[in-house]
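Student: Feature table excerpt (TrEMBL):
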{"type": "DOMAIN", "residues": "88-167", "note": "domain 'GST N-terminal'"}
{"type": "DOMAIN", "residues": "169-291", "note": "domain 'GST C-terminal'"}
(Lines of atoms letter the chains of each structure in order from A and count residues from 1; the text may use other names and numbers.)
(Lines give C-alpha, C1' and ligand atoms only; values in the text may rest on other atoms or scores of the structure.)
Protein backbone atom coordinates (compact mmCIF):
# COMPACT_ATOMS: atom_id res chain seq x y z
CA UNK A 1 0.00 0.00 0.00
CA UNK A 2 2.76 2.45 0.89
CA UNK A 3 5.28 1.44 -1.77
CA UNK A 4 7.23 4.49 -2.97
CA UNK A 5 5.61 6.82 -0.42
CA UNK A 6 8.13 8.96 1.41
CA UNK A 7 6.56 10.69 4.37
CA UNK A 8 7.95 13.62 6.32
CA UNK A 9 6.42 15.16 9.43
CA UNK A 10 5.88 18.92 9.79
CA UNK A 11 5.85 20.45 13.25
CA UNK A 12 3.08 22.86 12.32
CA UNK A 13 3.20 24.64 15.68
CA UNK A 14 6.70 25.87 14.89
CA UNK A 15 6.18 26.09 11.13
CA UNK A 16 9.36 24.16 10.55
CA UNK A 17 10.19 20.90 8.84
CA UNK A 18 12.74 18.84 10.78
CA UNK A 19 14.57 16.00 9.10
CA UNK A 20 12.31 13.19 10.34
CA UNK A 21 11.51 10.21 8.13
CA UNK A 22 9.47 7.14 9.02
CA UNK A 23 10.57 3.83 7.63
CA UNK A 24 7.62 2.23 5.87
CA UNK A 25 6.98 -0.48 8.49
CA UNK A 26 6.79 2.09 11.27
CA UNK A 27 4.61 4.33 9.11
CA UNK A 28 2.12 1.51 8.63
CA UNK A 29 1.95 0.98 12.40
CA UNK A 30 1.72 4.72 12.96
CA UNK A 31 -1.09 5.18 10.45
CA UNK A 32 -2.99 2.19 11.85
CA UNK A 33 -3.08 3.85 15.28
CA UNK A 34 -4.90 6.97 14.06
CA UNK A 35 -8.37 5.93 15.17
CA UNK A 36 -7.16 5.38 18.73
CA UNK A 37 -6.37 9.07 19.22
CA UNK A 38 -8.40 12.24 19.52
CA UNK A 39 -6.94 13.95 16.47
CA UNK A 40 -7.91 17.41 15.33
CA UNK A 41 -9.91 18.25 12.24
CA UNK A 42 -6.66 19.04 10.43
CA UNK A 43 -5.36 15.53 11.07
CA UNK A 44 -8.55 14.01 9.70
CA UNK A 45 -8.10 16.09 6.58
CA UNK A 46 -4.58 14.75 6.20
CA UNK A 47 -5.89 11.19 6.52
CA UNK A 48 -8.30 11.81 3.66
CA UNK A 49 -5.50 13.33 1.64
CA UNK A 50 -3.30 10.27 2.16
CA UNK A 51 -6.11 7.86 1.36
CA UNK A 52 -6.40 9.34 -2.13
CA UNK A 53 -2.82 8.32 -2.94
CA UNK A 54 -2.73 5.04 -1.05
CA UNK A 55 -2.01 3.06 -4.20
CA UNK A 56 0.73 5.30 -5.53
CA UNK A 57 4.05 3.97 -6.73
CA UNK A 58 6.31 6.99 -6.67
CA UNK A 59 4.35 9.93 -5.31
CA UNK A 60 5.27 11.79 -2.14
CA UNK A 61 3.20 13.77 0.29
CA UNK A 62 3.27 15.18 3.80
CA UNK A 63 1.37 14.39 6.98
CA UNK A 64 1.02 17.39 9.27
CA UNK A 65 0.75 16.85 13.03
CA UNK A 66 1.13 19.02 16.08
CA UNK A 67 4.47 18.81 17.82
CA UNK A 68 2.89 17.18 20.87
CA UNK A 69 1.29 14.43 18.78
CA UNK A 70 4.53 13.69 16.99
CA UNK A 71 6.55 13.48 20.20
CA UNK A 72 3.92 11.27 21.81
CA UNK A 73 3.91 8.85 18.87
CA UNK A 74 7.69 8.68 18.67
CA UNK A 75 7.77 7.86 22.38
CA UNK A 76 5.34 4.98 21.81
CA UNK A 77 7.34 3.72 18.82
CA UNK A 78 10.53 3.79 20.89
CA UNK A 79 8.79 1.89 23.70
CA UNK A 80 7.79 -0.85 21.26
CA UNK A 81 11.32 -1.01 19.87
CA UNK A 82 12.74 -1.23 23.39
CA UNK A 83 10.58 -4.31 23.96
CA UNK A 84 12.56 -6.05 21.22
CA UNK A 85 11.62 -7.53 17.84
CA UNK A 86 8.87 -10.04 17.26
CA UNK A 87 10.51 -13.47 17.18
CA UNK A 88 7.59 -15.85 16.81
CA UNK A 89 5.29 -17.42 19.35
CA UNK A 90 5.35 -16.36 22.94
CA UNK A 91 6.00 -19.15 25.45
CA UNK A 92 3.84 -19.00 28.56
CA UNK A 93 4.73 -21.07 31.65
CA UNK A 94 2.31 -21.61 34.52
CA UNK A 95 0.40 -24.22 36.48
CA UNK A 96 -2.85 -25.76 35.27
CA UNK A 97 -4.97 -23.21 37.15
CA UNK A 98 -6.27 -19.75 36.26
CA UNK A 99 -4.53 -17.95 39.11
CA UNK A 100 -2.23 -15.04 38.27
CA UNK A 101 -1.91 -16.12 34.64
CA UNK A 102 -5.51 -15.84 33.50
CA UNK A 103 -5.48 -12.13 32.68
CA UNK A 104 -2.45 -12.78 30.44
CA UNK A 105 -4.25 -15.63 28.69
CA UNK A 106 -7.30 -13.41 28.18
CA UNK A 107 -5.18 -10.66 26.63
CA UNK A 108 -3.40 -13.04 24.28
CA UNK A 109 -6.54 -14.83 23.16
CA UNK A 110 -8.69 -11.73 22.76
CA UNK A 111 -6.09 -10.08 20.54
CA UNK A 112 -5.35 -13.19 18.47
CA UNK A 113 -1.73 -13.30 19.64
CA UNK A 114 -0.08 -16.66 19.05
CA UNK A 115 1.42 -18.42 22.06
CA UNK A 116 2.21 -21.84 23.47
CA UNK A 117 1.72 -22.76 27.10
CA UNK A 118 3.70 -25.16 29.26
CA UNK A 119 2.32 -26.62 32.48
CA UNK A 120 5.14 -26.43 35.05
CA UNK A 121 3.42 -28.76 37.52
CA UNK A 122 3.21 -30.99 39.43
CA UNK A 123 5.02 -29.55 42.43
CA UNK A 124 8.05 -31.87 42.23
CA UNK A 125 8.62 -30.94 38.58
CA UNK A 126 8.17 -27.24 39.36
CA UNK A 127 10.73 -27.29 42.16
CA UNK A 128 13.31 -29.27 40.18
CA UNK A 129 12.99 -27.97 36.62
CA UNK A 130 11.41 -24.51 36.69
CA UNK A 131 11.70 -22.67 39.99
CA UNK A 132 15.53 -22.29 39.86
CA UNK A 133 15.22 -20.55 36.47
CA UNK A 134 12.72 -17.94 37.60
CA UNK A 135 13.57 -14.54 38.99
CA UNK A 136 11.98 -14.47 42.45
CA UNK A 137 11.15 -18.19 42.06
CA UNK A 138 7.67 -17.45 40.71
CA UNK A 139 5.45 -17.89 37.68
CA UNK A 140 3.75 -16.91 35.42
CA UNK A 141 6.66 -16.57 33.05
CA UNK A 142 6.49 -15.23 29.51
CA UNK A 143 9.32 -15.99 27.10
CA UNK A 144 9.75 -13.78 24.06
CA UNK A 145 12.73 -15.17 22.19
CA UNK A 146 15.68 -14.94 24.58
CA UNK A 147 13.80 -12.62 26.90
CA UNK A 148 12.28 -14.24 29.98
CA UNK A 149 9.76 -12.21 31.99
CA UNK A 150 8.07 -12.86 35.32
CA UNK A 151 5.56 -11.03 37.54
CA UNK A 152 2.06 -11.00 36.06
CA UNK A 153 1.56 -7.23 35.97
CA UNK A 154 5.00 -6.65 34.43
CA UNK A 155 4.11 -9.19 31.72
CA UNK A 156 0.78 -7.47 31.06
CA UNK A 157 2.48 -4.10 30.70
CA UNK A 158 5.12 -5.55 28.38
CA UNK A 159 2.44 -7.03 26.13
CA UNK A 160 0.44 -3.80 26.31
CA UNK A 161 3.39 -1.76 25.06
CA UNK A 162 4.10 -4.18 22.23
CA UNK A 163 0.50 -4.54 21.09
CA UNK A 164 -1.00 -1.08 21.59
CA UNK A 165 -3.01 -1.82 24.75
CA UNK A 166 -1.79 1.01 26.98
CA UNK A 167 -4.22 3.82 26.24
CA UNK A 168 -4.26 6.65 23.75
CA UNK A 169 -2.38 9.29 25.75
CA UNK A 170 -0.15 9.71 28.78
CA UNK A 171 -3.20 10.60 30.87
CA UNK A 172 -5.03 7.43 29.84
CA UNK A 173 -1.91 5.34 30.49
CA UNK A 174 -1.81 6.80 34.00
CA UNK A 175 -5.51 6.06 34.57
CA UNK A 176 -4.86 2.50 33.41
CA UNK A 177 -2.02 2.17 35.94
CA UNK A 178 -4.21 3.60 38.71
CA UNK A 179 -6.98 1.11 38.00
CA UNK A 180 -4.48 -1.75 37.69
CA UNK A 181 -3.11 -0.97 41.15
CA UNK A 182 -6.65 -0.84 42.52
CA UNK A 183 -7.39 -4.25 41.01
CA UNK A 184 -4.19 -5.59 42.54
CA UNK A 185 -5.15 -4.31 46.01
CA UNK A 186 -8.55 -6.03 45.92
CA UNK A 187 -7.04 -9.17 44.42
CA UNK A 188 -4.62 -9.41 47.36
CA UNK A 189 -7.53 -9.29 49.79
CA UNK A 190 -9.36 -11.94 47.80
CA UNK A 191 -6.25 -14.15 47.63
CA UNK A 192 -5.60 -13.81 51.36
CA UNK A 193 -9.15 -14.94 52.09
CA UNK A 194 -8.99 -17.84 49.61
CA UNK A 195 -5.68 -19.26 50.81
CA UNK A 196 -5.60 -18.29 54.50
CA UNK A 197 -9.16 -17.93 55.76
CA UNK A 198 -11.67 -19.34 53.30
CA UNK A 199 -14.08 -21.14 55.60
CA UNK A 200 -14.14 -18.50 58.32
CA UNK A 201 -13.62 -15.42 56.16
CA UNK A 202 -15.69 -15.99 53.03
CA UNK A 203 -18.96 -14.54 54.33
CA UNK A 204 -17.31 -11.45 55.78
CA UNK A 205 -15.44 -10.86 52.54
CA UNK A 206 -18.70 -11.01 50.57
CA UNK A 207 -20.81 -8.93 52.97
CA UNK A 208 -18.21 -6.40 54.16
CA UNK A 209 -15.12 -6.18 51.93
CA UNK A 210 -16.86 -6.21 48.55
CA UNK A 211 -19.52 -3.59 49.46
CA UNK A 212 -16.67 -1.39 50.69
CA UNK A 213 -14.46 -1.82 47.62
CA UNK A 214 -16.67 -2.35 44.57
CA UNK A 215 -18.22 1.17 44.61
CA UNK A 216 -14.75 2.60 43.90
CA UNK A 217 -14.48 0.51 40.74
CA UNK A 218 -18.07 1.29 39.73
CA UNK A 219 -17.43 5.03 39.94
CA UNK A 220 -14.05 4.80 38.23
CA UNK A 221 -15.49 3.03 35.20
CA UNK A 222 -18.41 5.46 35.01
CA UNK A 223 -15.97 8.36 34.87
CA UNK A 224 -13.18 6.97 32.71
CA UNK A 225 -14.59 4.06 30.69
CA UNK A 226 -16.86 3.30 27.76
CA UNK A 227 -19.72 1.19 29.08
CA UNK A 228 -21.11 0.20 25.69
CA UNK A 229 -17.79 -1.13 24.38
CA UNK A 230 -16.61 -2.64 27.66
CA UNK A 231 -13.51 -0.46 28.01
CA UNK A 232 -12.51 0.51 31.53
CA UNK A 233 -10.43 3.49 30.39
CA UNK A 234 -10.94 5.56 27.25
CA UNK A 235 -12.20 4.38 23.88
CA UNK A 236 -10.04 1.32 23.28
CA UNK A 237 -9.10 -1.96 24.91
CA UNK A 238 -6.26 -1.85 27.43
CA UNK A 239 -4.40 -4.44 29.47
CA UNK A 240 -6.21 -3.50 32.68
CA UNK A 241 -9.51 -4.66 31.14
CA UNK A 242 -8.24 -8.23 31.33
CA UNK A 243 -7.05 -7.82 34.89
CA UNK A 244 -10.39 -6.41 36.01
CA UNK A 245 -12.38 -8.90 33.94
CA UNK A 246 -10.58 -11.85 35.52
CA UNK A 247 -11.03 -10.54 39.06
CA UNK A 248 -14.74 -9.74 38.61
CA UNK A 249 -15.32 -13.17 37.11
CA UNK A 250 -13.69 -14.79 40.13
CA UNK A 251 -15.71 -12.61 42.52
CA UNK A 252 -18.95 -13.49 40.76
CA UNK A 253 -18.05 -17.16 41.06
CA UNK A 254 -17.56 -16.59 44.78
CA UNK A 255 -20.89 -14.77 45.06
CA UNK A 256 -23.26 -14.79 42.08
CA UNK A 257 -25.04 -11.64 43.33
CA UNK A 258 -22.00 -9.54 44.23
CA UNK A 259 -22.37 -7.26 41.17
CA UNK A 260 -26.14 -6.79 41.42
CA UNK A 261 -25.77 -3.28 42.86
CA UNK A 262 -23.04 -2.26 40.41
CA UNK A 263 -24.55 -2.10 36.91
CA UNK A 264 -21.47 -0.59 35.29
CA UNK A 265 -19.23 -3.39 36.53
CA UNK A 266 -21.82 -6.03 35.63
CA UNK A 267 -22.12 -4.60 32.12
CA UNK A 268 -18.34 -4.38 31.74
CA UNK A 269 -17.96 -8.06 32.62
CA UNK A 270 -20.86 -9.19 30.43
CA UNK A 271 -19.69 -7.26 27.35
CA UNK A 272 -16.11 -8.50 27.64
CA UNK A 273 -16.93 -12.14 28.29
CA UNK A 274 -19.18 -12.07 25.21
CA UNK A 275 -16.41 -10.90 22.87
CA UNK A 276 -15.88 -13.58 20.24
CA UNK A 277 -12.27 -14.52 20.95
CA UNK A 278 -12.80 -14.58 24.70
CA UNK A 279 -16.01 -16.59 24.44
CA UNK A 280 -14.23 -19.04 22.12
CA UNK A 281 -11.29 -19.39 24.51
CA UNK A 282 -13.58 -20.02 27.47
CA UNK A 283 -15.13 -22.94 25.59
CA UNK A 284 -11.78 -24.73 25.27
CA UNK A 285 -10.97 -27.79 27.33
CA UNK A 286 -7.89 -26.22 29.01
CA UNK A 287 -9.99 -23.35 30.33
CA UNK A 288 -12.83 -25.56 31.49
CA UNK A 289 -10.51 -27.90 33.40
CA UNK A 290 -8.66 -25.16 35.28
CA UNK A 291 -9.75 -24.21 38.76
CA UNK A 292 -9.59 -20.52 39.62
CA UNK A 293 -7.16 -21.03 42.49
CA UNK A 294 -4.35 -23.46 43.19
CA UNK A 295 -5.88 -24.80 46.41
CA UNK A 296 -9.06 -25.87 44.65
CA UNK A 297 -11.24 -23.21 46.26
CA UNK A 298 -13.55 -22.24 43.39
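In case you wondered, yes, glycine gets a Cβ from its N, Cα and C as well.
Automatic prediction, not curation, is the source of TrEMBL annotations.
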Student: For a three-state summary based on DSSP, what are the helix, strand and coil counts in the domain 'GST N-terminal' (88-167)?
Tutor: 38 helix, 19 strand, 23 coil
Student: How does the model score the domain 'GST C-terminal' (169-291) in terms of mean pLDDT?
Tutor: 97
